[in-house]
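The structure under discussion is supplied below as structure tokens; questions concerning it will follow.
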Amino acid sequence: MTTATPARTPRTPRTPRTPRTARPVPGGPALAAVLKAEGRLFLREPGSLFWILGFPTALLVILGLIPSFRESNPDLGGRRVIDLYVPVAVLLGMIMASIQAMPPVLSSYRERGILRRMSTTPVRPLAILGAQIALHGAAMIVSALIAITTGRLAFGVALPFSRPGYVLTMLLMTGCALALGATLAAIAATTKAATAIGSVAFILMMFTSGVWLPVQAMPDLLRTVVGLTPFGAAAQALDQAMLGTWPNWSYLGIMALWAAGLTGAASRWFRWE
Amino acid sequence: MPPRPDPRDAPVMQRTTPLIEVTDLRKAYAGRPAVDGVSFTVEEGEIFGILGPNGAGKTTTVECVEGLRVPDSGTVRVAGLDPVTDREEVTRLLGSQLQESELQPKILVREALELYAALYPNPADWRALAERLGLVDKLATRFAKLSGGQKQRLSIALALIGNPRAVVLDELTTGLDPRARRDTWKLIEDVRDSGVTVLLVTHFMEEAQRLCDRIAVIDKGRVAAMDSPAGLIRRSAGSTVITFVPSRPLDNADLVALPEVATVDHKGDQVTLTGTDATVNAVITLLAQKRVTARQLRVVDATLDDAFLDLTEEHESATPGRAA
């Protein structure tokens, strides 16, 4: 028990009560309690945990087991296919968390009246949404670390952590993906709708991040168009960072614009009931 | 109806400011008024019932008290505070149990109690609450696995966990089996006895009659009547129902002429009168005078059901089946 439940003397009936205006609203401890409770609930969703944390790396490993993908490919400037798929796995974890996992949770909290229930307490229901968003963001980062580490250990793919452009792109894209998931939860009236809209968005985002065909291998025109989408821009930026150059500001700018626009859309359209 | 010496019937007017004060509340959805000029006050320490048919505007009314909805016009005060502008203070004074509100399906009862305790500056001891509400065996159970009655007990615990001065309970016993409903009533009385004011929304007459000190009957967004349950029953046209089968037919004119008789109804040989205690005495006298014996004589106090039908009838003109 870390939450504040001081032992209180039993209340005697009809005692005159002292005004409670002097006490501040429990900000920090209350928010920490919400985060803790939601964190436990997050860990009780084995399906979400597998798709976010396990699946991207599993796909990476399967692709890495194909011998030709581990050989240097002149069409890719001498790089191997597996080198291109580590950033894809990083983005795939983000797609799983933001589009598959998070919107149905947020919608169901609205649908079940959990947000309304919280609005009758001193803590605003934004706290519970914020906790879920933060947890999914953290899961994205963990998923990325698992994929990157596996790529290094199993297939000798270079670690990107010495490259600030890579880290910056990852963080920016995490924010962008969370905003995208929040927007889906905002526009979907029901949990069912959130899942349905999510499935369509899911296919699109998988394609633009290069799951089926790495963005670098796409024809020029397609690559340009895909580069305007958040996951397409992120795929390009991560690739540039891996090649040792600073990502184009246009890609970073596209991600920042999407992040800002989607955050605005989510906060404007989100309905609390 | 003999006046019973029920302390709950005692007027509560001498107390100073009411804890909850609703004045001329109006709220419309898409131009259709849901609440259309509702006023009432809830005094500290009472169980105040809001009774009405489905769709009467009960829930909208209490949602305005809880600060979940912004009234179109009128004022709502909880301990002098506005639930919309003084939201944080009001949420600390007022615990809520919402109609059809769930918790996260996989949250354990213990975790829910801990979580909600942490949201308040002066929480009650959640272990003591769990014990009081019979949830100790269920602390390690997920919300989704609880029975309807257990969920409702948990929702009462969560409504009380901030040590509120008042709780709003909205359709608390809807969907419960009769036994769980009775257990819940006992809990509500315990809550009141511990000094917490209760604002109870219900459409069960029996529940309102048993629990409430005062009731506002809401119909079509308006207060149709406000009184103690006994007062509401007394107010209705026939608060006492007398039925009997006379040994030979009685002249209808004699029956209608009885003092304070409200309705006279013949069904086969059976005569049904509604009226008051005075009518009962007069019927017995009349039967004696006419040397008529009465078989199957029953004298029954009208219930809140009858009063409720009377009250809502006034609004929508006559309902068949209660004609004289």
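Just so you know, glycine gets a Cβ as well, placed from its N, Cα and C.
Heads up, TrEMBL stuff is auto-annotated, nobody curated it.
Found this in TrEMBL, in case it helps:
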type: COMPBIAS; residues: A:1-12; note: compositional bias 'Low complexity'
type: REGION; residues: A:1-27; note: region 'Disordered'
type: DOMAIN; residues: A:47-273; note: domain 'ABC transmembrane type-2'
type: TRANSMEM; residues: A:49-69; note: transmembrane segment
type: TRANSMEM; residues: A:84-106; note: transmembrane segment
type: TRANSMEM; residues: A:126-148; note: transmembrane segment
type: TRANSMEM; residues: A:168-189; note: transmembrane segment
type: TRANSMEM; residues: A:196-215; note: transmembrane segment
type: TRANSMEM; residues: A:249-270; note: transmembrane segment
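Walk me through where these features lie, including what they touch and how far apart they are.
Beyond its flanks by at least six residues, the transmembrane segment (A:84-106) meets 45, 48, 51-53, 55-57, 59-60, 63-64, 69, 76, 129, 132-133, 136-137, 139-140, 143-144, 146-148, 151, 157, 170, 173-174, 177-178, 180-182, 184-185, 188, 191, 194-195, 197-198, 201-202, 205-206, 209-211, 214, 216-217, 231, 234-235, 238-239, 242 of its own chain at Cβ-Cβ distances under 8 Å.
Beyond its flanks by at least six residues, the transmembrane segment (A:126-148) meets 30-31, 34-35, 37-39, 42, 49, 52-53, 56-57, 60, 86, 89-90, 93-94, 96-98, 101-102, 105-106, 109, 114-115, 118, 157, 159-161, 170, 174-175, 177-178, 181-182, 270 of its own chain at Cβ-Cβ distances under 8 Å.
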Please give the sequence-distant neighbours of the transmembrane segment (A:196-215): residues at least 6 beyond its ends with Cβ less than 8 Å from one of its Cβ atoms.
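Cβ under 8 Å, 6 or more out: 59, 81, 84-85, 88, 91-92, 95, 99-100, 103-104, 180, 184, 187-188, 223, 226-227, 229-232, 234-236, 239.
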